[in-house]
Amino acid sequence: KETAAAKFERQHIDSNPSSVSSSNYCNQMMKSRNLTQGRCKPVNTFVHESLADVQAVCSQKNVACKNGQTNCYQSYSTMSITDCRETGSSKYPNCAYKTTQAKKHIIVACEGNPYVPVHYDASV
């Protein structure tokens, strides 16, 4: 079974994007990372930093998660990210996404030993 940490990595880490500048990036990535199996995942963020840099956020600024839990952490520095958002015309199995690039602080929920990201909470 896929661990929560491995799932986070599959869903959110793309350290060396080949074609992030392309408007097709989200359509390709959401499919290749299995985020369109059974349904179209409505929103997803990919972080273009090393896994080590993203894991390090778990020892940075402690903040409350959207759901009120206290195990979320905000990155001290901005990170290069791409937001993928389902378009109005998207219909499973032909999931369609809008690709938006940004540089933002990321907020992740961390748990376990080692203490690693298991959920992507927000970007600010």
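Quick reminder: no glycine exception, Cβ is built from N, Cα and C everywhere.
Because the structure is a prediction, the values reported are computed rather than measured.
Residues or ranges marked as compositional bias 'Basic and acidic residues' by Swiss-Prot: 1-13. Only residues 6 or more beyond the boundaries of the compositional bias 'Basic and acidic residues' (1-13), in the same chain, are considered here, and those with a CB under 8 A from a CB of the stretch are 33-35, 44-47, 49, 51, 54, 108, 111-112, 116-120.
According to Swiss-Prot, the feature region 'Disordered' maps to 1-24.
As annotated by Swiss-Prot, substrate binding site applies to LYS7, ARG10, LYS41, PRO42, VAL43, ASN44, THR45, LYS66, ARG85, with the evidence given as similarity to another entry. Of all Cβ atoms in the shown protein chains, 13 besides its own fall within 10 Å of the Cβ of LYS7 (substrate binding site).
Marked as active site, proton acceptor by Swiss-Prot on the basis of similarity to another entry: HIS12. According to DSSP, HIS12 (active site, proton acceptor) is assigned to a helical segment.
Feature annotation from Swiss-Prot assigns compositional bias 'Low complexity' to 15-24.
According to Swiss-Prot, the feature disulfide bond maps to CYS26-CYS84 (among others). Around CYS26 (disulfide bond), the C-beta neighbours below 8 angstroms that are at least 6 residues distant in the chain are ASN44, THR82, CYS84, ARG85, TYR97, LYS98, THR99.
Among the features that Swiss-Prot reports, N-linked glycosylation site is placed at ASN34, with the record citing experimental evidence. For ASN34 (N-linked glycosylation site), the same-chain residues lying six or more positions away in sequence with a CB closer than 8 A to its CB are ARG10.
According to Swiss-Prot, the disulfide bond annotation covers CYS40-CYS95 (among others), on the basis of similarity to another entry. In sequence order, ASN27, MET30, LYS31, THR36, CYS40, LYS41, GLU86 constitute the residues six or more apart from CYS95 (disulfide bond) in its chain with CB-CB distances below 8 Å.
Of all Cβ atoms in the shown protein chains, 21 besides its own fall within 10 Å of the Cβ of CYS110 (disulfide bond). Taken from Swiss-Prot, the feature disulfide bond applies to CYS58-CYS110 (among others), supported by similarity to another entry.
Swiss-Prot lists CYS65-CYS72 (among others) with the feature disulfide bond. In this structure, CYS65 (disulfide bond) belongs to neither helix nor strand by DSSP; it is coil. Spatially close to CYS65 (disulfide bond) yet at least six residues away along the chain are ASN71, CYS72, ILE107, ALA109, HIS119, ASP121, judged by Cβ distances under 8 angstroms.
A strand conformation is recorded for HIS119 (active site, proton donor) in the three-state DSSP classification. The active site, proton donor annotation in Swiss-Prot covers HIS119 and is backed by similarity to another entry.
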*Just name the most isolated of the recorded positions CYS40, VAL43, CYS58, CYS72, CYS84, going by other Cβ atoms within 10 Å of its Cβ.*
VAL43
*Relative to the Cβ of HIS12 (active site, proton acceptor), which residues of the same chain, six or more apart in sequence, are found under 8 Å away?*
ASN44, THR45, PHE46, VAL47, VAL54, PRO117, TYR120
